[in-house]
Amino acid sequence: MRTLALSLALALLCLLHTEAAATVPDRSEVAGKWYIVALASNTDFFLREKGKMKMVMARISFLGEDELEVSYAAPSPKGCRKWETTFKKTSDDGELYYSEEAEKTVEVLDTDYKSYAVIFATRVKDGRTLHMMRLYSRSREVSPTAMAIFRKLARERNYTDEMVAVLPSQEECSVDEV
């Protein structure tokens, strides 16, 4: 669960990534609360555990020019699990890293910065390369358009319907609670 959450954090951070012709978004467009509402992966852990997963909440804050902090709240069998992770920019445009447990890179496939973002993450750990796609939303209820974009991009990356999970909303924990 921790590695999944850390990968989610890195993906959120890379919402700063833009296409070459696009303008870098204002920090206020990236900062704030996000909900991880859908996932796609072919990893054994995901395929085994996806039915138990619920929506994760995250809050992005800027610590400086090159650092972001992400606070998380995720329901677990032992209650609400909360943690924070700090990410640093690399020399590559639009790339951020967190390397405590594994090498992680992310790519923003599609976003409007206002309501949704589709992220593709790659993680290398113990010589294995793992991939996961995520749909982030500013609200618990993702728009049908954003969900359609996510599903289309998942198919393009060869994820089957069995490899996609729309995460149920949860009220157990929030990044807003102390």
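Cβ atoms are placed via backbone N, Cα and C, with glycine included.
Annotated features, as they stand in Swiss-Prot:
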BINDING   Thr43, Lys104, Arg123, Arg134  enterobactin binding site
BINDING   Tyr72, Lys104, Arg134, Leu135, Tyr136  1-tetradecanoyl-sn-glycerol 3-phosphate binding site
DISULFID  Cys80-Cys173  disulfide bond
MOD_RES   Ala21  blocked amino end (Ala)
SIGNAL    1-20  signal peptide
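Note on Lys104 (enterobactin binding site): other Cβ atoms within 10 Å of its Cβ, all shown chains, come to 26. Of all Cβ atoms in the shown protein chains, 17 besides its own fall within 10 Å of the Cβ of Thr43 (enterobactin binding site). A coil conformation is recorded for Thr43 (enterobactin binding site) in the three-state DSSP classification, outside any helix or strand. Cα to Cα, Tyr72 (1-tetradecanoyl-sn-glycerol 3-phosphate binding site) and Cys173 (disulfide bond) are separated by 10 Å. Around the Cβ of Arg134 (enterobactin binding site), a 10 Å sphere holds 25 further Cβ atoms from the protein chains shown. In this record, 1-tetradecanoyl-sn-glycerol 3-phosphate is bound by Tyr72, Lys104, Arg134, Leu135, Tyr136; the longest C-alpha to C-alpha distance in that set is 18 Å.
Of all residue pairs in the enterobactin-binding list (Thr43, Lys104, Arg123, Arg134), the one with the greatest Cα separation is 15 Å apart.
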